[in-house]
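Undergrad: Submitted below is the structure of interest, expressed as structure tokens.
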Amino acid sequence: MKCWRLSAILFLGFMLTSLSTARFVVEKNSLSVTSPEKIKGKHDSAIGNFGIPQYGGSMAGNVVYPKDNSKGCKDFDSSFKSRPGALPTILLLDRGSCFFALKVWNAQKAGASAVLVADDIEEPLITMDTPEEDVSSAKYIENITIPSALIGKSFGEKLKDAISGGDMVNVNLDWREAVPHPDDRVEYELWTNSNDECGVKCDMLIEFLKDFKGAAQILEKGGYTQFTPHYITWYCPHAFTLSKQCKSQCINHGRYCAPDPEQDFNTGYDGKDVVVENLRQLCVFKVAKETEKSWVWWDYVTDFQIRCPMKEKKYNKECANSVIKSLGLDVEKIDKCMGDPNADTENSILKEEQDAQIGKGTRGDVTILPTLVVNNRQYRGKLEKGAVLKAICSGFEETTDPAVCLSNDVETNECLTNNGGCWQDKTANIAACKDTFRGRVCECPLVDGVQFKGDGYTTCEVSGHGRCKINNGGCWHDARNGHAFSACLDDGGVKCQCPAGFKGDGVKNCEDIDECKDKKACQCPECSCKNTWGSYNCSCSGDLLYIKDQDTCISKTASQAKSTWAAFWVVLIALAMIAGGGFLVYKYRIRQYMDSEIRAIMAQYMPLDSQEEGPNHVNHQRG
């Protein structure tokens, strides 16, 4: 036992050497004092690493400082549960004398909705964490559900002075900006461990992996998230690489190490066994990602914990390979990825893990196991499905939240009550309220390809082509006796105009015009007018026929006679045109013929201009 203690001290020294330059970033949330006026303003507070911070949300409450038990290290005699209609109670406690988690647990049991712990010294804010491997605290830590935060000493004194002076102190805790939310995809990473014999924290981690697997795979398969697993490793100082402690806890000649699972170098599994399995799980993720099925990692780690536990002496390569094969992964590829743990060379996979432990930008170094990082910000709070899902969902840009983030278990749908105070058309069942993880957004909707325009709160009007398909464009419409009329003009505008035969504003009403009464039609002496909805019927007396365009009545026989004479004249004109055309053709042909005959006769007696004059040869005969 003495030897083990010495070894543990040496290994702790190795860890401290590797973490001596670590940069731990305290994750904060905004705290605003809304009253009294004299201390009104914004302040920083450090999010506690237990309980359930309301990531993506906020809480307004009344601050109460107990006169007795001001440190909250024992049960409270009075209740801090708020009355119906009153603001939630936020209990202010002093630091010291007991664990932070115990203070919050006692406050939760007394009915407080949140806890502020005032520091007892002037120093930069720190993160309130859970006790390490404390069996008694494990009983209540996992049951803490309220959020908590540490505040500076001077700010705490101001709050206490205001309360003791009789002022009502109201504050607003805001976690909406605790996680960046730049776009529609969340990048998150989990720093975990394959060791299942490291106590309470390992048990909590195993349960979390099982519970969160389903949600994680839905998010990953849908392309909503990009998940990366990580594993913390340390190195053994070069001077101790040949020591028993380094040989049992490290691979690759002291380059990559993990603590002994049972904290006993002489029994059970060694730390190097944990490092090898951690490496295998990293390679499972790498190979699965290459096949575009990165979510299979969740299946492997949960199956391995069930099928290959240390307690049953199955924490080995053979059991791991059986799990890998059952998931359809290539064992040879994974073995090749792992490399040789006994070689005196660097392992590229584990070297990347050591480099990744060092914080970059706003993210601090990873020093707590397990650690969840969402959009490059370290998560603070209970490692529980609902709490972690809230943190991840708060990383999506508004209105891009996947369905899993909008379930009743994760958030409250503010659109269900009075439509969130947004515009709505109950008739068409259309509303501007959009439920998001951070709360409702009033935004005019897009329905069936038609965009509504407006402020989203009081007005949303359809516009553009196709608008008449949506609740008739907000215009008047009616149907009677099989006839339908609409005041909507589908010309890309927003105008409503009563159709022909109606008058009105086109929006709320269009009244039928009585053309007969108003003498707008059917006014000829022989006409008989009867009004109809949206039009009129006009008939003529006797055998007369009504011509609507001329608003007149004519005789059917006269009409027929006119039609006959019209046909006669059409035929006659056609014949005349044919005869005239024929005569012109005949005349043209005769003239051509006569011209040719006359020219032929004249050509016999005299030369014509069109003929070439030939040479005149005279023959002289000489005797």
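We number each residue from 1, going along the chain as drawn.
Any Cβ shown, glycine's included, is placed from N, Cα and C.
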Undergrad: With the disulphide bonds as Swiss-Prot has them, who is the partner of Cys422, out of Cys405, Cys415, Cys442?
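TA: Candidates were Cys405, Cys415, Cys442; Swiss-Prot matches Cys422 with Cys442.
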Undergrad: Based on what Swiss-Prot records, which one of Cys415, Cys460 is disulphide-bonded to Cys433?
TA: Cys415
Undergrad: When you get a sec, could you say which of 233-236, 521-524, 605-608 is annotated motif 'Tyrosine-based internalization motif' by Swiss-Prot?
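TA: From Swiss-Prot, the annotated motif 'Tyrosine-based internalization motif' range turns out to be 605-608.
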Undergrad: Between Cys468, Cys510, which residue forms the disulfide that Swiss-Prot gives for Cys488?
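TA: If we follow Swiss-Prot, the cysteine bonded to Cys488 turns out to be Cys468.
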Undergrad: Going along the chain, which residues at least six beyond the ends of the transmembrane segment (565-585) come within the CB cut-off of under 8 Å?
TA: none
Undergrad: Any same-chain residues 6+ apart from Cys444 (disulfide bond) with CB under 8 Å of its CB? Would you list them in sequence order, or say none?
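TA: Result: Trp423, Ala432, Gln451, Phe452, Lys453, Gly454, Asp455, Gly456, Cys460.
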Undergrad: Among the recorded positions Asn143, Cys415, Cys433, Cys475, Asn537, Cys540, report those whose Cα falls within 10 Å of that of Cys468 (disulfide bond); none is a fine answer.
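TA: Within 10 Å of Cys468 (disulfide bond): Cys475.
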Undergrad: Measuring Cα to Cα, how many angstrom lie between Cys540 (disulfide bond) and Cys496 (disulfide bond)?
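TA: Computed Cα spacing between Cys540 (disulfide bond) and Cys496 (disulfide bond) is 36 Å.
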Undergrad: Between Cys475 (disulfide bond) and Asn143 (N-linked glycosylation site), how many Å separate their Cα atoms?
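TA: Between the Cα atoms of Cys475 (disulfide bond) and Asn143 (N-linked glycosylation site), the distance comes to 57 Å.
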Undergrad: Check the DSSP secondary structure of Cys422 (disulfide bond), expressed as helix, strand or coil.
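TA: Looking at the DSSP assignment, Cys422 (disulfide bond) belongs to neither helix nor strand, so coil.
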Undergrad: Which of the disulfide-bonded residues listed here (Cys422, Cys442, Cys553) have a Cα atom within 10 Å of the Cα of Cys433 (disulfide bond)?
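TA: Taking Cys422, Cys442, Cys553 one by one, the ones whose Cα falls within 10 Å of Cys433 (disulfide bond) are Cys422, Cys442.
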Undergrad: For Asn537 (N-linked glycosylation site), write down the residues of its own chain that are at least 6 apart in sequence and whose Cβ falls under 8 Å from its Cβ; none is a fine answer.
TA: Cys529, Lys530
Undergrad: Can you tell me how the residues of the domain 'PA' (54-163) break down into helix, strand and coil by DSSP?
TA: 28 helix, 22 strand, 60 coil
